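J.: Have a look at the structure that comes next, please.
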Amino acid sequence: MPKDTELVNKNINIATKSDTMNSLIDKNNTKSVSDSETIIKVKSVIPRKRQELLKWYGWGYKDSMFKLEDGHATFTGNRYLIGGKTLPHCLQWVNENFNVDVNKTPKIPQLPDSYTKSRLPDNVRQELEKIALVSVDGLDRLIRAHGQTLKDISLLRSNSFKRIPDAVIWPESHEQVVQIVQCASRLRFVIIPFGGGTSVSGAITCPADEPRPIVVLDTSDMNSILWMDKEQLLARVQAGIVGQDLEREMRARGFTVGHEPDSYEFSTLGGWVATRASGMKKNTYGNIEELVVQTKVVTPTGVIEKSCRVPRISCGPDWEHVVMGSEGCLGVVTEVTLKIRPLPAVVRYGSLVFPDWESGFKFEREVARQRLQPSSIRLMDNEQFRFGHAVKAESSWGGVILDGLKKFYITCIKGFDPHKLCVVTLLMEGNSDQVSDREKKLNAIAALFGGIPGGAKNGEVGYTLTFVIAYIRDLALEYDIVAESFETSVPWDRALALCDNTKRRVRHECARRHIHRFLISCRLTQTYDAGCCIYFYFGFNSAGCADAVATYEEIEDAARDEILASGGSISHHHGVGKLRKKWYEQTVSSPGRRLLLAAKQALDPDNIFALGNMAFDEYTPEHVVNSKL
C-alpha cells in the first residue's frame, strides 16, 4: 500500500490489519456463496451497549474530548492526530472569541439514575421478543431518544425529554424487519428507525405528543456485507453497517466505497440513504444517490425493491429517489446495493493559501468550471482558518508553515493580512501521474488568483479537522457556549452575497439580543457545475441568557430565512427533519408537499412511522395523514 494511502487510514480512524490477518478474517467470518457472492458478518467497532465506547451525553468516543485545565488545552485519547497533545493556541482563541472563565468547574452531566417508565404493553413485548432481541432498559432507550442537534444534547444533558422510546429492538435481517413492521401494524405501535444517531435535524427525536408506544428499531445488528462482486464493482450490504466498518472491510479486500460524510465514524449506510447524504470525497465517488444502485425498503404495505439490478432504468418516476431522503417516515431501509471502487494507488493531501475569501472563492469556481476538482476541495474563511490554528498541537504560525513557507514570506513578501487570508485544503486520489498532473494544474489556477501552496501537512490537518470539530461543542456547553452548524447549497452567482448576507444577519440578530461574544464563520465544502455547498458555524457566550438554546434557534432561524432569501436551499445534506419543516412547502411547492403526503398514504396509511418530519405532523387520533389529502 502506498505511503500516502497508509496516512489516510490513520487520519480517518481506520484500523487496517496485515494481509495475513485479513486472510484470517475472510476465512472465519464468511460463508461462500459463489466466487462473487460472499456473506461477510462484520464485527462492528461500536458495541450494542453504545455507552461502553461512546459518550452518553455528547458526540463521539468517550475517551476523546477537548479539555481546559491547569492553564492549557488538550485533546484526550489517541484516535486523532491531535490526540494526547497540548494545544498551545486554544485558550487564547477561546478567550478572544467568547471571553469565558476557563478556571471555573466545567458542567459535565451525571448519568441519570431514573428514566421514564416504558409504556410498552407486555403482550407487545412478548410478540417482539419472538422476533429479535428487545430491551426496555432506561439507558438503552435514552441513548436512542435523540440525534445530535443542540436541542437534543441540551435535553439529554438534563434528562428532560418529554418523550423517550418505550423499547429498543435489534433485528438481524430483512425478514425480521418485515415481521416487526407487520407486528406494529397489527398491534398499533410506532417504529422509529435508528442507525448511528448522528442526525442534526431532529429527524429521530421522539414526537412528544405521540400516544402510542414507540419502539426504536436499531439497525446496528444488520451490518453484514451480503456479497461483493469484484468484477461488476458492486456490493450488497445490510443498511445498519457503520461507515468506518464498511470502509475497513472494503479496504481489507482492496476496495473502497469512498463515501465520507463528517459523521462517517458513527453514521450508517441506511442513514445515508434516508437523509440523502453527501460525503467529503463526492467529486470522485459521488453523493449517495450516485452510489446507490438498488435498495430494499420495508413499508407497512409491502417491500419496495426494483425487480432488476441495472445501472439505469426508464420506468416512470424513480421510486429509489422517494426512499432517498424519506427520513424514516415511509419505512426501513434494510439492504443496499452500491458501487465500489478499487483503492487508489496514491492519496495525497495539499493546501493553498489565498489573500482573502473572495480570491479563494474565485479559485474554487474556476476549478469547478474546468471540472478539475480533486476528491476533496474545501475553502475555509479566515475565522475557520484561525480555529484550525487554535487546535494545532504545533507552535507553528497559522497552520501554513511548511516547506520553507514562513510567516514573514506570507505577510511581508506576499502582503497577506493574517486577519483576512483563507486556506483551501485538497485531497487528491489516483495513480501517480494523475495526482501529480492534477496538483500542477491546481497550483497554476491558484496562482491566477493570488494563491500559493501551503504544503501537504496542512492539507492533511485541515481534512482531518472535520472529524474532531464536532467534539468542540461538548467543551463549549461545559462553559456556557452554545454552538451549532448549518449548511446550504447555492448557485455560484449568489454564493458570495449569501455568505455576506447570512453573516451580517447573524451579527444583527446578536446585537438585537445584546450578545457581544460570538463567532460566525463558514467554509465552502463541495462544488458542482451549478453551485456549491456552504457550511456555517455559529456559537455565542450564553452566560446570563434565560434560554440559551431557544435564543440560538431564533438566530439560526433568522439566518435560514436570509439564506433562502439569498437564493440558497433549505439544506444540502442534513435533510429537513423537524427543525426545518416550516420551510418545506416553500422549498418544494404545494403540489410537491401533496405528493409527499400521497406517498405516505400509499405506503404507511396508519402512520406507523410517525416521526413527524418534513410535511408530516405528529400523530393524534383525530388527525391522521390521509385527512390532509
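Every residue, even glycine, has its Cβ placed from backbone N, Cα and C.
The domain 'FAD-binding PCMH-type' annotation in TrEMBL covers 161-343. If you look up TrEMBL, you'll see 193-199, 262-268, 275-278, 327-333 marked as FAD binding site. For Arg378, the entry in TrEMBL reads site 'Important for enzyme activity'. As annotated by TrEMBL, substrate binding site applies to Arg473. Annotation comment: TrEMBL describes Tyr535 as active site, proton donor/acceptor.
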J.: With Cβ-Cβ distance below 8 Å and at least 6 positions apart along the chain, what are the contacts of the residue listed as 'active site, proton donor/acceptor'? List them in sequence order.
T.: Ser485, Phe486, Glu487, Cys522, Arg523, Leu524, Thr525
J.: Have a look around Arg473 (substrate binding site) and count the other CB atoms within 10 A of its CB, chains all included.
T.: 22
J.: Could you check which of the binding-site residues Gly197, Ser267, Cys329 is the closest Cα neighbour of Arg378 (site 'Important for enzyme activity')?
T.: Ser267
J.: So which one is it: of the binding-site residues Ser263, Ser267, which has the fewest other Cβ atoms within 10 Å?
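T.: So among Ser263, Ser267, the binding-site residues given, the one with the fewest Cβ atoms within 10 Å is Ser267.
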J.: Whole-number Å distance between the CA of Val333 (FAD binding site) and the CA of the residue listed as 'substrate binding site'?
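T.: Each residue's Cα considered, Val333 (FAD binding site) and the residue listed as 'substrate binding site' end up 31 Å apart.
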J.: What Cα-Cα separation, expressed in whole Å, is found between Arg473 (substrate binding site) and Pro193 (FAD binding site)?
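T.: Cα-Cα distance, Arg473 (substrate binding site) to Pro193 (FAD binding site): 26 Å.
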J.: Can you count the other CB atoms that lie within 10 A of the CB of Gly197 (FAD binding site)?
T.: 23
J.: Pro193 (FAD binding site) has how many other Cβ neighbours within 10 Å of its own Cβ?
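T.: 27, counting other Cβ atoms within 10 Å of Pro193 (FAD binding site).
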J.: Check each residue in the chain of Cys329 (FAD binding site) that is at least six apart in sequence and keep those whose C-beta is under 8 Å from its C-beta; list them in sequence order.
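T.: Result: Lys600, Asp604, Phe609, Leu611, Asn613, Met614, Phe616.
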J.: Which has the fewest other Cβ atoms within 10 Å: Ala277, Val333, the binding-site residues listed?
T.: Ala277
